[in-house]
Amino acid sequence: MTTAHSAAGTGPGQPADRLRAEQVSLGYAAADVITELSLRIPDDRFTVIVGPNACGKSTLLRALARLLPARGGSILLDGKDIHSLPAKQVARVLGLLPQTSTAPEGIRVRELVARGRYPYQRLWSSWTDADEAAVAEAMAATEITELADRLVEELSGGQRQRVWIALVLAQQTPLVLLDEPTTFLDVGHQYALLNLCRDLQRRHGRTVVAVLHDLNQACRYADHLVVMDAGRIVAEGAPATVITPELVERTFELPCRVVPDPVTGSPMVVPELK
Amino acid sequence: MTVLPKPLAPHQPSSRSAHVRTRLVVTVLLVLAALVAIYLLGSGDVQVSPGNAIRAVFGAGDPADVLAVQQWRLPRVLSALLVGAMLGVAGAIFQSLTRNPLGSPDIIGFNTGAYTGALVVLLVTGSSAPLGVTAGALLGGLGTAVAVYLLAYRQGVQGFRLIIVGIALSAMLTAANSWLILKAELPQAIGAAQWGAGSLNDATWGSTLGVCVAAAVLLAPCLWATRPLRQLELGDDLAAALGLRVEPARRALLVLGVLLTAVSAASYGPIAFVALAAPQLARRLTSASGAGLGAAAAMGALVLLASDGLAQRLVTGGTLPAGVVTVCVGGLYLVWLLFREARRT
């Protein structure tokens, strides 16, 4: 798997990497969380963002998804400032699953997934066969077709997370952003979900960006790994070239060794004894 | 074994079958409301048979029947249906925006504010001209809404803050209202208290036409409102990521809900608990998730019409305000709701 991102999949004259941050500054209220950060999200790859708590990774993801205005610089989607594009148009290109989402009380799985079709609906338009097909396809890809008529609140955490991913898939966007999708899942469901994310990229041709907490999971699944610390990108590239004991110690204050993962050969972080 | 109409479809698309059930509930509610309406049009000091009552609505039949039905009863029935529908929709909008069954306009102070506005006109200026009272109530309701919104605002408005601020402001306004009434002369105070309960006793064609115009203007945008409301239920971030412009949409929905409430209160006084109970009752019948504005409207119309009918018949002489009955109905519902929530936790 090569990580040097090529221009494959982009037309002539169109710049590679549909989603980019250029010199972007972000923050809430008084404080800037991120200053002058630049990042290119490689097309047709699985990009993982890691970093210690409060390093600004969720802030960056929200900004990439147009949820947060930039205080300086800009987020570019297909070369245009993302805030200059209409909200619904962006939502047909780029989908985001936030860290926590609340399902309305009494909603059934299929109905919740169907809400992902909002960007395609107009004031007077009714539910179309294309909408129906997109919802069915999203549920099939996340293996929740059997749950279609169940109440969302009755599902297990792992099943529920699949429903949320299906909602984002029903949006049919070439770019999918996931904010800590594995939080609250047991380890088995975490890997099931990461396999699903990889499938989205490999089999369904989506560009996937996820914020993850677990370094070893990040190294195993990422084509492109972005390490953030204190609002800055401290390293990015293929996990094998990025992850070193020095970097992990500096960023996470965790003395460790890095050994090859016995299953995949990707770097594996093993903490030292204190 | 179930027989599927189409063997090819393993599941009915639930987005459609849910619509079928909602439509069925709305239809049943509207038929019930129509039956109650026909009964109310026909009964009273001048008894008219249901058939003759329907004919009299269109001006046909015995002139005495036509007079009783068209001039005395029809404005009141129409007003109850339309105000009930507006209150139901307003309640559904607010409960959905605040994600809380208690987040309805009668709980968060808009009705109390409308009452304050009316009291100021009735007692301080001493005028009891309906137009002045209506204007006072409208201003009071809108002013309260703006105050609640501004006090609850902190980088957008969050549901729970809105409810807490609304309840607090409502308590203060209630105190102000009591003070205004205690200060007044007895006859004026009685009239003011009567208005404050919310009554359709004074429904005339004049006030009813105003309600008709307001309902036409305000209920039409509700056809637009359902989709943004549903998306907002997913949380602000996801709603925005799905292409909804969250703050403008929420502000438009708030304005719509406030106007519906203020117009209702200005027309016939602050009729309580319809906005609270109707959307919840409708939701339980449709077993749909989230805001069903159509079902809430139909339920609100039925509840207010039936309450007003009861109010007219419980006390002979017909001076019992409909608002007293809706408070009883809504109170029972609230007790049940609290009981259920308490058992669940």
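In case you wondered, yes, glycine gets a Cβ from its N, Cα and C as well.
As written in TrEMBL, here are the features:
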- B:20-41: transmembrane segment (TRANSMEM)
- B:77-95: transmembrane segment (TRANSMEM)
- B:107-124: transmembrane segment (TRANSMEM)
- B:131-153: transmembrane segment (TRANSMEM)
- B:159-182: transmembrane segment (TRANSMEM)
- B:203-226: transmembrane segment (TRANSMEM)
- B:252-278: transmembrane segment (TRANSMEM)
- B:285-306: transmembrane segment (TRANSMEM)
- B:318-339: transmembrane segment (TRANSMEM)
(Q) Cβ under 8 Å, sequence separation of at least 6 from the ends of the transmembrane segment (B:285-306): give me the contacting residues as numbers and ranges. (A) 18, 21-22, 25-26, 29-30, 32-33, 36-37, 40, 77, 80-89, 91-93, 95-96, 219, 222, 225-226, 229-230, 233, 271, 274-275, 277-279, 322, 326, 329
Q.
Can you tell me which recorded stretch out of B:77-95, B:107-124, B:252-278, B:318-339 has the most Cβ pairs within less than 8 Å of the transmembrane segment (B:20-41)?
A. B:77-95
Q) With pairs 6 or more apart in sequence, are the transmembrane segment (B:159-182) and the transmembrane segment (B:107-124) linked by at least 3 Cβ pairs under 8 Å? A) yes
Q: Find the member of B:77-95, B:107-124, B:131-153, B:318-339 that has more C-beta pairs under 8 Å to the transmembrane segment (B:203-226) than any other listed stretch.
A: B:77-95
Q: Could you give the residue numbers and ranges of same-chain residues that sit at least 6 residues beyond the transmembrane segment (B:318-339) on either side and whose C-beta is under 8 angstroms from one of its C-beta atoms?
A: 80, 101, 194, 197-201, 268-274, 276-277, 280-281, 303-304, 307-308, 310-312
(Q) Same chain only, please: residues at least 6 beyond the ends of the transmembrane segment (B:77-95) with a C-beta under 8 Å from a C-beta of the stretch. Say none if there are none. (A) 33, 37, 40-41, 101, 103-106, 108, 200, 203, 207-208, 211-212, 214-215, 218-219, 222, 225, 229, 253-254, 256-258, 260-261, 263-264, 267-268, 271, 274-280, 282, 291-293, 296-305, 308, 322
Q: Go through the chain and flag residues at least 6 beyond the ends of the transmembrane segment (B:107-124) whose CB is under 8 A from any CB in it; none is fine as an answer.
A: 94, 132-133, 135-141, 143-145, 147-148, 162-163, 165-167, 169-170, 173-174, 176-177, 180-181, 183-184, 188-189, 191-192, 195-196, 258, 261-262, 265-266, 269-270, 272, 276
